[in-house]
């Protein structure tokens with residue numbers, strides 16, 4: 001099985017430097033262009049199904065990538081970005097004085113501290129691991145397109161490679177690119193990371 005990984009295109013929150021987990025934030029014109037470019041790069045990729053975050057920025061990206069193709073789609077909450085609670089659509093400069101104690105605790109110990117009324121890294125990790133455990137349900141598929149978010153995709157790569165969850169930072173998943181992980185007999189191999197090349201059958 002191959003997992004094709006695509007991060008949503010650039011959003012208005014990305015440009016503004018805001019924390020955007022579950023809060024709606026539309027794709028910018030650049031983000032739309034990134035998704036359309038991926039449509040061209042992956043035109044010949046033989047997707048059996050697409051698994052997508054519930055969030056509109058990911059769903060919009062998926063629609064653009066797959067425009068003109070009839071690929072069955074599954075919307076999965078496990079693929080949603082980490083939820084930042086009261087910090088959603090806020091800038092870190094504001095949080096340093098508006099929620100100073102909690103934000104300082106999170107910056108010091110991001111693996112265990114929890115954003116105010118949000119989702120901690122441990123809960124986020126368990127959610128992504130639930131998604132991994134569900135991959136067996138798609139064992140009839142050879143090629144799954146996964147459209148999600150940087151946090152989810154970086155963590156997904158780390159855990160599939162049996163690395164600690166905190167290793168996600170080693171795998172920055174860029175916008176406008178595609179990545180691929182091959183899974184054979186339960187063993188995952190990272191084959192492509194952040195490619196801007198046209199995929200062609202080998």
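From the backbone N, Cα and C atoms, a Cβ is placed for every residue, glycine too.
Fair warning: this is a prediction, and the values are worked out from it, not measured in the lab.
DSSP classifies residue 8 (active site, tele-phosphohistidine intermediate) as coil under the three-state reduction. Residue environment of residue 8 (active site, tele-phosphohistidine intermediate) contains 28 other Cβ atoms, counted within 10 Å of its Cβ in all protein chains. What Swiss-Prot lists as active site, tele-phosphohistidine intermediate is 8.
For 81, the entry in Swiss-Prot reads active site, proton donor/acceptor. All protein chains shown were included, and the count of other CB atoms within 10 Å of the CB of residue 81 (active site, proton donor/acceptor) stands at 24. Under DSSP, residue 81 (active site, proton donor/acceptor) is assigned to coil, being neither helix nor strand in the three-state scheme.
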